[in-house]
Amino acid sequence: MNISDVISFDILVSAMKTGNQSFGTDFLLVGLFQYGWINSLLFVVIATLFTVALTGNIMLIHLIRLNTRLHTPMYFLLSQLSIVDLMYISTTVPKMAVSFLSQSKTIRFLGCEIQTYVFLALGGTEALLLGFMSYDRYVAICHPLHYPMLMSKKICCLMVACAWASGSINAFIHTLYVFQLPFCRSRLINHFFCEVPALLSLVCQDTSQYEYTVLLSGLIILLLPFLAILASYARVLIVVFQMSSGKGQAKAVSTCSSHLIVASLFYATTLFTYTRPHSLRSPSRDKAVAVFYTIVTPLLNPFIYSLRNKEVTGAVRRLLGYWICCRKYDFRSLY
């Protein structure tokens, strides 16, 4: 018996001692944290990252909405990405925090189903949005004369609608199928949220055929956009190196590399989770990998896609200057 089994058994016994009568239909989440000062410190770190991610995404959304200079296709797609990230990180971290603070690991069947659906829908939407954003940069740099036509408001709205619809439909199909399966083993989910691979380990019938469906979905929704991103940025770099000076080339390489690092972090970790066979899974490793696409990427996206942009940083400075002036005026009015 390994340490993961011991922890799971302890949580199971603890839940039974609390007299939870709904244990037969509810699930129990092992969680990311156990109890102790090290895990309490880790909880504080995660809570801080969550707060920073919320603040960064909310600020970027409002900044794009309020500043008319940022009402362009690129920033429209970026605002949609921030909305997705805002909802994405809020799907898992608050429940994880409540479970840790209240020492209650229970999640109701319906709550688990809703969390699975929302998480899958937002993950699929983000994967497609990142692909569309790379296409926007490709058109802007490689086909600037055709940019107004290829990235019109109508096309941008169609891209966003396609991303949301595809992510939602994919999530609905998988959630509907998984939660009609017989969970005839322990209701203990060795994860910090309800995720399809973790749920499949509780199913008593053979799920190998369905796992091929998960693999196919992962290749379509995750791998294809990632390949499109790689191709787009490769073409962008080729064009930049043919046309720009050394300074422009260095800036393009720096920008593209930062975008690629964040995108690669998201796609690599999600592909690692959703395209591996069940026999190669490790609950502890799966939880560690999940932290990257549930917490780290929503934290990094607003900063990576905006801090290197002069228009966004300029808008932030103007907004802060306006806020400081207003605060000074309000302070002086008291006297």
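Including glycine, each Cβ sits where the backbone N, Cα and C put it.
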Have a look at 73-94, 183-204 and point to the one annotated transmembrane segment in Swiss-Prot.
-> 73-94
Do K153 and T275 come out on the same side of the membrane in Swiss-Prot's annotation?
-> no
Do the transmembrane segment (252-274) and the transmembrane segment (116-135) come close, with at least three CB pairs under 8 A (pairs 6 or more apart in sequence)?
-> yes
Cβ neighbour count within 10 Å, max among the disulfide-bonded residues C112, C204, goes to C112
Is the count of Cβ pairs under 8 Å between the transmembrane segment (73-94) and the transmembrane segment (211-234), pairs 6 or more apart in sequence, 3 or more?
-> no
Which of 41-64, 116-135, 155-173 has the most Cβ pairs closer than 8 Å to the transmembrane segment (288-307)?
-> 41-64
Lying 6 or more residues past either end of the transmembrane segment (41-64) yet within Cβ distance under 8 Å of it, the residues of that chain are 32-33, 70-71, 75-76, 78-79, 82-83, 85-86, 89-90, 93, 96-97, 100, 295-296, 298-299, 301-303, 306, 312, 315-316, 319
